[in-house]
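Participant: Pasting a structure here, questions to come.
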């Protein structure tokens, strides 16, 4: 077997072993503290000024809730570690400039992910449950409706909201990366806006609850992030083109001035500006 291929497979095996060990240790740790994690996710609902509590209607619902919460928390906790292992596997094959650029994308991805998760969990989720709880109660004595949510449904809806927020956080990174690689231009993005709208609708249909309003509210952030990223990329592209145009104009003016001077002055200028002209023979 080729020596380079053998080293590559050995490095991939090491990275997979580290990822497997990290996943196993993190999942068992999350399952051990599953009640604390469920309380952390249920806190936005428990703080409402209502008789807030959850119910279970099946014998296995509590167990599946713990397993689901542990799996989701394990994914979010291990995702930075998995990204770091993939980065360690791919980054040695890149040159210095490309490595610095990929490091910027890596840091931007992590920053956007944690920023969106923090905003979603601290502001979006409490407002969503505040609206749903007060929309599910009545204000008259003619009809009594009292909300008693199932713990599994509550956890799954919260996880869906967090997952949609995670997708929205990676949209700018993906668009900027595609623009940087040159595979898709800003003009292509602006011409194919309708396809981005349809893709955001499909994403919301798969991950949002089966409600038209929930799907609309899930679709809008994804599409708005695409539009905002395209707008910022267009501004950056226009600025880069302006800087390049100014540099080309300055070079043309300098060349025109150099051509129009006398041959004697031209030879003196070349001798003065060239590195060999500084040291006499």
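Quick reminder: no glycine exception, Cβ is built from N, Cα and C everywhere.
Nobody curates TrEMBL annotations by hand; they come from automatic prediction.
Copied straight from TrEMBL:
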type: TRANSMEM; residues: 16-42; note: transmembrane segment
type: TRANSMEM; residues: 62-84; note: transmembrane segment
type: TRANSMEM; residues: 105-125; note: transmembrane segment
type: TRANSMEM; residues: 154-180; note: transmembrane segment
type: TRANSMEM; residues: 215-236; note: transmembrane segment
Participant: Any chance you could find the range in 16-42, 105-125, 154-180, 215-236 with the most Cβ pairs under 8 Å to the transmembrane segment (62-84)?
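Facilitator: Out of the listed stretches, 16-42 contacts the transmembrane segment (62-84) most.
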Participant: Within the same chain, where does the transmembrane segment (16-42) have neighbours whose Cβ lies under 8 angstroms from its own Cβ atoms, ignoring anything closer than 6 residues to its ends? I mean 6 or more beyond.
Facilitator: 54, 65-67, 69-71, 73-74, 77-78, 81-82, 85, 151, 154-155, 158-159
Participant: Which sequence-distant residues neighbour the transmembrane segment (154-180)? Criterion: at least 6 residues beyond either end, Cβ under 8 Å.
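Facilitator: 38, 41-42, 45, 54, 65, 68-69, 72, 76, 101, 105, 108-109, 112-113, 115-117, 119-121, 124-125, 128, 186, 189, 203-204, 207-209, 218, 221-222, 225-226, 228-230, 233, 237.
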